[in-house]
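These notes concern the structure reproduced below.
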Amino acid sequence: MERNLKNVLVISFGFLFLFTAYGGLQSLQSSLNSEEGLGVASLSVLYAALILSSMFLPPILIKKLGCKWTIAISMCCYIAFSLGNFYASWYTLIPTSVILGLGGAPLWSAKCTYLTIAGTSYAEKAGKNAKDIINQYFGVFFLVFQSSGIWGNLISSLIFSQSSTNVKIPEEDLACCGAYNCLTDTTNSTESAKPSNSLIYTLLGVYTASGVLAVLLIIIFLDQIKSDQAETEKEKLETSSFWSTFLATFQHLKDKRQCLLIPLTMYSGFEQGFLSGDYTKAYVTCALGIQYVGYVMICFAAVNSLCSLLFGKISQFTGRKLLFALATVTNTACIIALLLWKPHPKQLAVFFVFPALWGLSDAVWQTQTNGLYGILFEKHKEAAFANYRLWESLGFVIAFGYSTKLQVYIKLYILLSVLVLSMMTYGAVECLEAKSSPGTPTAKKKENGGPFTQETHM
């Protein structure tokens, strides 16, 4: 096997094993650690730490350790979070959430740097276009990585379905499920249906082992980058201090279009935070039991992946405006329906309809917003995508931060308000673009979107 392709596969499967564990744990936090909102508080702290990490740590660690060891050490931060869940408390989960958040940004930056260097190196040797090879490597990576959402949730549901405490939930407890949930009573009903400690420890043991396997894969099989490209990359990192990266991120806010895209970018964090933090707890766990959370999130992940691939291909024919309109209508319909729906175990199929439609909408938000940033800010991509990570992570922080303080219907109204604001400001961006280059080939190219690399959030 060609050496560079082998390294791409090692990174891909390393991330697959790592995020099989993290993705499953994130979906379960609001249900598994519901006492005093510990689970969602840990996620809020996690994304706050990620914001700080993305501003400072990646250039320093990659420069000092190289890509391989930055990836390996950052992966250990994720394992710490799994270990913290064994004895979940404010003294274990919050510190390990901070550790994971700090490791998140260097992990993804090192991965992107490694794949870019590997692709460029192979292209020079083979006499091929570097951009084409890099796109192929990222395609292989995401093909393998995206399935982590399925495997992590499948493991949790299969293990929790073995629970002997899966009892029928009383009607009086079901009355507390849904948009108008009882903030205190739902916790009680959740606790009564909580799996035994032995099953929880089994799940966490599997997740921890999966993370350890990811680290071993990287340490044993991933080659350290030793090429002219690596040295060039180090020189870039050396001359570009973290202060200059930090300042460039905020200087980019002078661009009016970037400011107008902040609500849309934050909405991405809001809507994902609602699904994994509120829908899983107030609808699924409350009415069906925690063993169904994994199956529901599998539905979301599968539809999201398929639609991401589909929308990436058809955007050149439909244009991004039509896809944004589709996502807006779908999300709005879901929010209104969630406000009206009273979840009941007899309506099992409905519990899967919402995450499926949510996955369709999220696929648009991710692919088209990433693509929009790449097209609008082609000359300042680093600063633009740093802003993307910053504002999306802030959306996560806020969504998880108020999760235990507000009833679900209030959070749904907030979600709807942010969505409406996002579409208004996005429309203003499109108007600015149309005025700046009306009827030109460039305008048409922008209208149709362009190639994108779908990045994950953590």
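Cβ coordinates are placed from backbone N, Cα and C, and glycine is handled just like the others.
Annotated by TrEMBL as transmembrane segment, the relevant range among 253-271, 386-404 is 386-404. Sequence-remote contacts of a segment are chain residues at least 6 beyond its ends whose Cβ falls under 8 Å from one of its Cβ atoms, and for the transmembrane segment (137-160) they are 4-5, 8-9, 11-13, 15-16, 18-25, 27-28, 111, 115, 118-119, 195, 199, 202-203, 206-207, 289-295, 297-298, 300-302, 304-305, 308, 453-454, 456.
For the transmembrane segment (347-365), the residues of the chain that approach it from at least six positions outside its boundaries are 264, 267-268, 271-272, 275, 279, 283-284, 287-288, 292, 295-297, 299-308, 310-311, 323-324, 326-327, 330-331, 333-334, 337-338, 341, judged by C-beta separation under 8 angstroms. Same-chain residues lying 6 or more positions outside the transmembrane segment (410-429) and placing a CB less than 8 Å from one of its CB atoms are 179, 257, 260-264, 266-267, 270-271, 274, 278, 324, 328, 331-332, 335-336, 338-339, 372, 376, 399, 402-403. For the transmembrane segment (39-57), same-chain residues at least 6 beyond its ends with a Cβ under 8 Å from one of its own Cβ atoms are 26, 28-33, 81, 88, 93-94, 96-106, 242, 245-246, 249, 269, 273, 276-277, 386, 389-390, 393-394, 396-398, 400-401, 403-404, 458.
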